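To keep things clear, I will list the structure first and then write my remarks on it.
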Amino acid sequence: MAPGSTILILLLLLLLGVPAAPALGDPGPLEDVVIDRYYIPKICLREVQMGDFIRYHYNGTFKDGKKFDSSYDRGATVAGVVGVGRLITGMDRGLQGMCVNERRHLIVPPHLGYGSIGVAGLIPPDATLYFDVVMLDIWNKNDKLQITTLSKPEHCNRTVENSDFVRYHYNGTLLDGTPFDSSYSKDSTYDTYVGTGWLIKGMDQGLLGMCAGEKRSIIIPPFLAYGEKGYGTVIPPQASLVFSVLLIDFHNPKDGVFLEHLEVPESCKRRAVTGDFVRYHYNGTLMDGTLFDSSYSRNHTYNTYIGKGYIIPGMDQGLQGVCVGERRRVVVPPHLAYGENGAGNKIPGSAVLVFDVHIIDFHNPADPVEIETVYRPEDCNVTTRNRDFVRYHYNCSLLDGTKLFSSHDYEKPQEVTLGTNKVIEGLNSGLLNMCAGERRVLIIPPHLGHGESGARGVPGSAVLRFEVELISMEEGVPEGYLFIWHGDPPANLYEQMDLNKDGEIPADEFSTFIKTQVAEGKGRLMPSSDPEKVIADMFQNQDRNQDGKITSEELKLKSDEDQEKIHEEL
C-alpha cells in the first residue's frame with residue numbers, strides 16, 4: 001500500500017473516533033494537572049501565589065461525570081492556604097495563578113490526587129479527578145488595607161481623625177462582587193465613632209484622613225474584618241470585604257462652631273452682641289451640600305434675637321460679632337444643632353449643618369436714633385422744635401442699600417408739623433434741632449420706625465436709613481392751638497372782629513380779620529401748607545352751633561376754654 005494511503009486511513013480513524021492501533025502508542029497516565037481556564041475576568045488585580053489564603057467553590061466528579069463532592073451542596077465555600085500541603089498536590093498546582101472570579105476545569109491524575117489508596121467509600125484507588133473551580137477570594141497574611149480614592153472635593157479643610165463621629169453611606173461586597181450590605185437600601189447613613197472599637201479594624205483605618213464628600217474604595221483582608229468566624233449568613237469565614245464609602249459628614253464631640261468669614265464690609269462701626277435683634281438671609285445645607293432650608297426661597301429674612309436661646313446654640317454663637325452686610329459661613333456640629341434626633345425629614349440625626357448667612361441689619365431694643373450730621377450751616381441760630389412746620393427732602397433705604405422711598409420722586413419736598421405723630425417717631429426725633437440747609441443721616445431702629453409689622457414696602461423689624469435735608473422751617477404753635485397772639489389779644493376782640501358791626505361774624509369776615517392780624521405781625525397761624533384750611537378749622541371751632549356765624553357768646557379764646565375746663569374738673 002502506498003504511504004499516502006496509510007496516512008489517510010489514520011486520519012479517518014481519528015475523526016471517526018475509532019481507536020488507533022496499539023502500535024501507534026497510548027499516551028498513558030497524565031504526568032501533571034491539566035488546566036482549562038474557561039473563564040478569565042477582564043480585570044485581574046491579583047493572581048494566586050504560594051502561601052496565599054483562598055476561598056473557592058468547586059464541583060468534584062469522576063471521568064464518567066459522577067459527582068463525589070461539592071462545596072455548593074454543603075452551602076459553604078472552601079478556605080485554605082495554597083502550597084503548604086493542606087490540599088492535594090493537584091489542587092495546589094491547579095489553583096495557582098487564578099484570578100478572583102476566574103473559572104477553571106482541572107484534571108488531576110491519581111498520583112497528584114489520592115493515589116493508589118483513594119478515600120474509603122468516596123474515591124476509589126487510582127482515580128482521576130475532575131474539578132470545576134471558581135475563585136472567590138485571595139489574600140495573604142502580609143496584606144495591608146487597600147484604599148483607592150475615587151473622588152475628592154476641591155476644598156478640604158479637615159479630615160477624619162480618631163474619636164471623630166462620622167456619617168457615611170456604603171455598599172459592601174465580597175471580593176467577587178457579591179453584595180452583603182448597603183446603607184442605601186436602608187435609606188440611612190451609618191453613624192459611628194472612628195478609632196474607638198465600634199467598627200471592624202479595617203474600617204477604622206480606612207476612614208482616617210477622609211474629607212466630607214470624599215468617596216473611597218476600601219478593600220479589607222479578613223484579619224482586619226470578621227476573620228475566621230465571618231458574620232451571620234452574609235459574610236463567610238476568611239472573607240475579604242470591599243466597601244465603597246461616601247463620607248457625608250463628620251465632627252468631634254469637642255468641636256465648637258467653625259466660622260468662615262466670606263465677605264466683611266470695609267466699614268463696620270458696630271458688631272452684633274447678645275440681646276441684639278438680627279435680620280438675615282441664609283442657605284442651610286448638610287456637609288455634602290444637600291439644601292435643607294433657605295430664607296431666600298421664602299423671600300423673607302429670618303428675624304431673631306441672638307444669644308437668648310431663640311435659635312439653635314450653634315447659630316446663637318455663630319452670629320456673635322457680625323457686621324451689617326457681612327457674609328459668613330457657620331458650621332455647626334450636631335451637639336450645638338439638632339443632636340441625635342435631627343429635625344423633620346430634612347435634617348438627619350447627628351448631622352453637621354452649614355449655614356451661609358448674609359446679615360441685612362441688626363439693632364438692640366434699647367437703641368436710640370443714630371444721628372450723623374453731614375453738613376450744618378455756619379450761621380445756624382434757629383433750630384427746629386416740636387410743633388414747627390418743616391419742609392425737607394429725604395432718601396429712605398434699608399441698611400443693605402435697598403431703596404425704599406424718596407421725596408425726590410415727587411414734585412415738592414415732604415411737609416410735616418413736628419411732634420404731631422404724622423411721621424415715625426425716629427424720623428421726628430432726627431428732624432429736631434436742625435437748621436435750614438442742614439443735612440443728616442439717620443439710622444432708625446424698628447421700635448422707633450415701623451416695628452415688627454413693618455409697613456407697605458417696609459419689612460417687619462427693619463432698621464431704616466434716612467438721608468434728610470431741611471429745606472425750610474416755620475415756627476409752630478403750642479399743641480391744641482391753631483393761632484396764637486404775639487402779645488395780649490385785644491380787650492374788645494369781638495367788636496374788632498365784627499368788621500361791619502352787625503352783631504355777628506360770618507366766615508369771610510372772620511377770615512379777613514385773622515389774615516390781617518397775621519399780616520400785621522400781631523399773631524401767627526399754625527404752620528401749614530394750606531392756611532385757608534387752618535382758618536376754616538378755627539371758624540368751625542368757634543361756630544359752636546354750626547349756623548354759619550359766630551356770636552359774642554360763642555367766641556372764646558383757647559386759653560379761656562382751657563381755664564374753664566380746669567374749673568369744671570375742680
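Note: Cβ is positioned from N, Cα and C throughout, glycine not excepted.
Annotated compositional bias 'Basic and acidic residues' per TrEMBL: 544-570, in sequence order.
Per TrEMBL, the feature domain 'PPIase FKBP-type' maps to 51-139 (among others).
Positions annotated as domain 'PPIase FKBP-type' by TrEMBL: 163-251 (among others). When averaged over the domain 'PPIase FKBP-type' (163-251), pLDDT in the model lands at 96.
The domain 'PPIase FKBP-type' feature in TrEMBL is assigned to 275-363 (among others).
Annotated domain 'PPIase FKBP-type' per TrEMBL: 387-474 (among others), in sequence order.
Look at TrEMBL and you will find 492-520 (among others) tagged as domain 'EF-hand'.
Annotated domain 'EF-hand' per TrEMBL: 530-565 (among others), in sequence order. Tertiary neighbourhood of the domain 'EF-hand' (530-565): same-chain residues 480-483, 489, 493-494, 497, 503-507, 510-511, 514-515, selected by CB-CB distance under 8 Å and a gap of 6+ residues from either end.
According to TrEMBL, the feature region 'Disordered' maps to 539-570.
Among the features that TrEMBL reports, signal peptide is placed at 1-25.
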The correct DSSP tally for the domain 'PPIase FKBP-type' (275-363) reads 15 helix, 37 strand, 37 coil
Given the domain 'EF-hand' (492-520), its same-chain partners at Cβ distance under 8 Å and 6+ residues beyond its ends are 483, 485, 532, 535-536, 538-539, 542-543, 548-552, 555, 557
Taking DSSP H, G, I as helix and E, B as strand, the domain 'EF-hand' (492-520) contains 18 helix, 2 strand, 9 coil
What DSSP reports for the domain 'PPIase FKBP-type' (163-251) is 12 helix, 37 strand, 40 coil
For the domain 'PPIase FKBP-type' (51-139), the DSSP residue counts stand at 14 helix, 37 strand, 38 coil
